[in-house]
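Worksheet: one structure, shown below.
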Amino acid sequence: SVGFKAGVKDYKLTYYTPDNQTKDTDILAAFRVTPQPGVPPEEAGAAVAAESSTGTWTTVWTDGLTSLDRYKGRCYHIEPVAGEENQFIAYVAYPLDLFEEGSVTNMFTSIVGNVFGFKALRALRLEDLRIPNAYVKTFQGPPHGIQVERDKLNKYGRPLLGCTIKPKLGLSAKNYGRAVYECLRGGLDFTKDDENVNSQPFMRWRDRFLFCAEALYKAQAETGEIKGHYLNATAGTCEEMIKRAVFARELGVPIVMHDYLTGGFTANTSLAHYCRDNGLLLHIHRAMHAVIDRQKNHGMHFRVLAKALRLSGGDHIHSGTVVGKLEGEREITLGFVDLLRDDFVEKDRSRGIYFTQDWVSLPGVLPVASGGIHVWHMPALTEIFGDDSVLQFGGGTLGHPWGNAPGAVANRVALEACVQARNEGRDLASEGNQIIREASKWSPELAAACEVWKE
């Protein structure tokens with residue numbers, strides 16, 4: 001017959017290839033698929049592969065001008081999810097040529113751009129991605145990474161301590177700077193702009209930057225330690241964001257901050273490049289992540305957003321606590337914490353890791369634990385997150401009955417006590433409360449904190 005065969009056709013004929021060997025250069029995705037009643041899983045999986053790569057709903061004659069076999073995504077394996085009715089994990093392989101080099105934005109537009117509103121699916125969740133070495137190498141990644149950050153700050157062998165300045169909205173720049181000074185003077189390494197602090201009428205960004213820089217240098221001079229404050233450079237336009245980062249660099253501060261999901265990956269990658277070129281560390285907040293990752297059967301798991309951030313660039317990222325006010329399951333959280341820090345992570349389904357990921361020496365990111373944590377959580381946090389982490393106590397510092405500086409002292413004493421106990425070989429899991437109690441005997445600030453927040 002002449003021409004091509006017009007009409008609607010089953011996706012699974014073209015896009016379901018169960019015997020297909022994946023290539024080392026493919027991007028692999030694991031989707032949790034919930035098909036509509038009556039839709040077979042093979043068709044649902046194939047539909048996902050098609051819609052997120054070369055497919056469209058009907059045969060088009062321009063298909064003849066390209067090599068589908070070379071460019072199509074393939075659903076190469078489907079398995080039922082244990083304990084769930086009518087849920088499947090569909091594995092899809094995408095040829096590398098479908099993606100623009102060094103663009104997280106394009107990667108997401110392709111893989112999750114269109115397919116989530118698909119009629120044949122009740123729900124769809126992207127659980128994990130395997131980024132091939134060849135694609136990882138097209139990204140700059142974190143501006144500096146864990147080792148360089150430790151060298152810049154001259155802080156080794158312990159987690160770093162931070163504090164988000166509260167009340168998050170309403171303080172004047174000068175009072176804000178004062179709170180920053182008190183926390184840093186008391187013994188914290190970092191203080192942080194809240195994610196919603198950008199440049200509002202009650203406190204414009206330039207004033208805040210100035211007073212925070214002053215606070216930082218004063219605390220630095222008095223303690224002999226290097227201090228930082230995450231100056232939030234997030235803005236309404238990329239140009240304005242870079243302008244703020246430039247001002248931070250001119251002040252000579254060590255670190256700026258960005259909300260990478262609300263700001264967007266394009267803006268984030270631009271900022272990360274600026275930060276590497278100009279010696280700024282970059283702290284990343286994940287505001288809006290729960291909109292995307294909270295539902296168990298639809299959206300995207302946070303580990304995917306975390307991987308994307310490591311490609312796009314950031315030196316710190318918030319990653320849940322396992323113990324405070326925001327939810328997080330221990331094994332799963334540790335799974336993506338390792339994905340952020342380590343150079344090579346083995347596939348381990350019990351920790352939610354669907355693929356072995358090699359980062360080929362891309363710098364690592366420090367996970368930040370924050371949200372409803374206080375001194376009694378310190379042993380658990382030290383044990384769970386280890387040395388390469390930032391522990392952030394907002395209310396857990398500023399809520400101290402004697403004020404901000406004593407709150408900072410309490411946290412620093414608790415941390416040093418836990419690190420020392422661990423180095424002496426004690427078991428933080430079972431002796432944690434005991435360790436904190438012992439330390440509070442010679443630190444009145446810590447004793448007061450222990451009173452306010454009961455174990």
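Even glycines carry a Cβ here, placed using N, Cα and C.
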Swiss-Prot records N114, T164, K168, R286, S370 as substrate-binding residues. Which of H316, H318, H400 is assigned to the same site? H318
Specify the nearest of the recorded positions K166, E195, H285 to N114 (substrate binding site), where nearness means the distance between Cα atoms. H285
If you measure every Cα to Cα pair among N114, T164, K168, R286, H318, S370, the residues listed for substrate, what is the largest value in Å? 37
Within 10 Å of K168 (substrate binding site) (Cα-Cα), which of the recorded positions D194, E195, H285? D194, E195
Sequence-ordered recorded positions within 10 Å (Cα) of D194 (Mg(2+) binding site), taken from T164, K166, R286, H318, S370, are T164, K166
How many other Cβ atoms are found within 10 Å of the Cβ atom of S370 (substrate binding site), counting all protein chains shown? 23
Entries of T164, K166, H285, H318, S370 which, being recorded positions, have CA atoms within 10 angstroms of E195 (Mg(2+) binding site): T164, H285
